[in-house]
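Worksheet: the structure to be examined is printed underneath.
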Amino acid sequence: MTAERILAALKLRPRLFLTLFCLLLWAPGVFSLPPLDRDESRFAQASKQMLETGDLIDIRFGAVPRYKKPVGIYWMQSASTAIAGLGERTHIWTYRLPSLFGALIAVFLTFWCARAFAGVETAMLAAGFLGSTLLLTAEATIATTDAVLLAATLGSVAVLMRVYLASKGEAVMPSRWIILAGWFSLGVIILVKGPPVFVPLAIAAGLSLWDKNGRWLKATNPLSGIALVLVMVLPWLLAITFKSHGAFFQQSLGQDFATKLQGGQESHGAPPGYFLIALTPSFWPAILFLLPGFVMAIRYHRQPVMRFLLAWTATWIAFELVPTKLPHYVLPTYPALAIMAALWAEAPRAEGGIWGRIAIYAAPVQFALGAIALAIGLVYLPIKYGTGPIYWLVLPALLFAAITIGALIQYFRENTRNAALLALAAPLLLYPTLTGFAGPNLSQLWVSPRAAAEVARLSRPGDSPPKLAGYLEPSLVFFLGTKTRQTDGRGAAEAGAAEGGLALVEDHEGAAFKARLGELEATAAEVGALDGFNYSRGRKVHIRIYRLEPVSEIPPPPAE
């Protein structure tokens, strides 16, 4: 069956196709991967505590305020867990549902964006390209803000695009309600993360400056829109300001956001150009068409569609200039890149002079490098972090290689539609294999689920909450519960001597733990142990599990 026939069949039910396609890519990871450290588990645990306390205003991880991000994602995760969890609050997949649906909405909105100026086939390719990218697949399967943020950003930008194109006579002006939905999306951006609200605002400002005309923005009903945004965000902002005595703004803006602007936060600093280098794996497989599509957009920059896409992509520069860099920061620009890639794949052009020719030959190199890295990862990771080689993975790896080679052959034969369909088929084989089968078997990485299973096996009725020393990853707190004591070796010994119960002590804290036990004249019996690799710190860990009995009288600490 030719690409034309396949696309003709799919375009009869484009949204159904996109839904099934994305769920096949993302659902295995959502339901199979254990909680990841550290951000995902922090978000999930804070949402779990919101359910436990019923406090929908304050955000906490344990007893510590968590004021780096606004409340939106915690409301969504709490709601999804309350509805889907059926009373169970330690199934991580229930906290991932907002990300899954956020990513799916982003794919639909990309389709809607492209349909303003292109046919169903091109719009499907653009949406499929976005949904199949490695970065969005990763964000769709974990309980963080970024997939939801992408959906909210797209909700605003898509309406802005329609208004802009309508002002140029190239689209129908959206209804008043759709325009208000765009403003609603802007409010969601603020409630979910805050600062990324600059993306739609920067696009609007950039286009107005480029065109030397900002009158088109009047059609966005700014007074009604701003009023809606204020109604959405002010109640919670005022409530958290009073409840935290101003600490929320001090921590979220004065510490977290300001630190990211001033220097690399939490060892995530990188020079400008980092996102450009990371694009090869993170935008795979659509990377095969991106460079030619980008050159084409520049070549036809006078066309309103291309001008809008370029203004959207230009927000990338702001992310490159910020010292703190993580791959997902540039995710809000990916729909624009996906649309450019789809436009070129549907109507390839060799225009653009030397840069156009360079782009056409550089793109398949990027595609091949990304495919090689992913295939190696599929085979190597179980050897490095699992129980050894998983031999049956060789078959999907070989099939994956065959499909990617086929995509390259079709690309060089200038059958870009066939190349696009093969490029989309490759992750359909790879991602579920990686996240649904290979990933969960990387036992050395999943220290927290194994430790939690040991605690469940060794616990006795009436035990006090477990004490953790050394290994304090949020995923373990998520499994063991909010009352889990996070401390050091001395603190674990003191709490164990006072309360009894289990203590999980990582070897780096073992000496301090035993020394303090001696001072307290307490004893601890080692009842279990496990080892693994702490990927958050990049080092091996060995955890010993002790059972302590409370002592009748705790001696005072030795004099200094």
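Backbone N, Cα and C define each Cβ position, glycine as well.
Owing to the predicted nature of the structure, the values given are computational and were not obtained by experimental measurement.
The domain 'ArnT-like N-terminal' annotation in TrEMBL covers 29-243. Sequence annotations record features per position, and here TrEMBL assigns transmembrane segment to 99-117, 147-165, 177-210, 222-242, 274-298, 305-323, 329-347, 359-383, 389-412, 419-439.
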Hey, does the transmembrane segment (359-383) touch the transmembrane segment (305-323), meaning at least 3 C-beta pairs closer than 8 angstroms, sequence gap 6 or more?
no
Contact set, same chain, for the transmembrane segment (329-347): CB under 8 Å, 6 or more residues outside the stretch:
106, 109-110, 113-114, 118-119, 121-123, 125-127, 129-130, 133, 135-136, 139, 146, 149-150, 153-154, 157, 196, 199, 275, 283, 286, 288-290, 292-294, 296-297, 309, 312-313, 315-316, 319, 322, 416-417, 419-420
Region pair the transmembrane segment (389-412) / the transmembrane segment (274-298), three or more CB pairs under 8 Å:
yes
Same-chain residues at least 6 beyond the ends of the transmembrane segment (99-117) whose Cβ lies under 8 Å from its Cβ atoms:
14-15, 18-19, 22-23, 26-27, 30, 123-124, 126-128, 130-131, 136, 139-144, 146-152, 154-155, 157-158, 161-162, 165, 170-171, 305, 335, 338-339, 342
Mean pLDDT, the domain 'ArnT-like N-terminal' (29-243)?
97
